[in-house]
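I have placed the structure first, in the form of structure tokens, so that the comments after it can refer back to it.
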């Protein structure tokens, strides 16, 4: 597949301005030159063109935000000065497996002031005597050559290396994600537990008060019922007494009349 078609495929219905990473490995460069890549990819930070039969960087567009460039397994032999002009913020450059033979070719990379890591594996230049010492002396801005620093310490993973410049932002994000300091959640939990205990105490007090009110209410009602019954009994007793009095009065009047009748009979 030609590079131009590969780019259109990798866009995936996005505009070039939205693309930050672009992988064009194993496609075909017509006449060994870059095709289909232009200045509209202004947000591009990572570009990979490995094994695409690339021989010239002359048509590389301006990519000011580009930080990582993969150009391994091509047939590039020179013209590296274009990189400093078009990609001034490069931090990582992989030229492994190309046709780079001389230190003079690599010298053009001195103007890449932000370059930290350079790979030249399987290039003829690696066969030079004191190759590593010469490269570190020539390109004093780089920290890692072919994956190791001058003390033979291995370079970190590419992702960690890519994040070096953004460590401060990452720390801030981690702090935000970490949330409140240690002990803060425990204090909150203790406060919540205290609030819950207070609520429970209030509920218990309320329930006790409710029970007391119920007891008072029941006793009051019972007293009222008893009083009503007593009043009813008094009313019944009073009624019976009145009836007895009336009956007694009637009997007295009868006796009086009987006595009067007896007196009249004696007079006769």
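Just so you know, glycine gets a Cβ as well, placed from its N, Cα and C.
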Range annotated as region 'ZID domain' - as stated in Swiss-Prot, picked from 53-106, 215-268: 215-268
Tertiary contacts of the repeat 'LRR 2' (43-64) (same chain, 6+ residues out, Cβ under 8 Å): 3, 17-29, 32-35, 37, 70-77, 79-80, 82-83, 86-89, 94
Within the predicted model, mean pLDDT of the repeat 'LRR 1' (18-38): 96
Secondary structure content, the repeat 'LRR 1' (18-38) (per DSSP, counts of residues): 4 helix, 4 strand, 13 coil
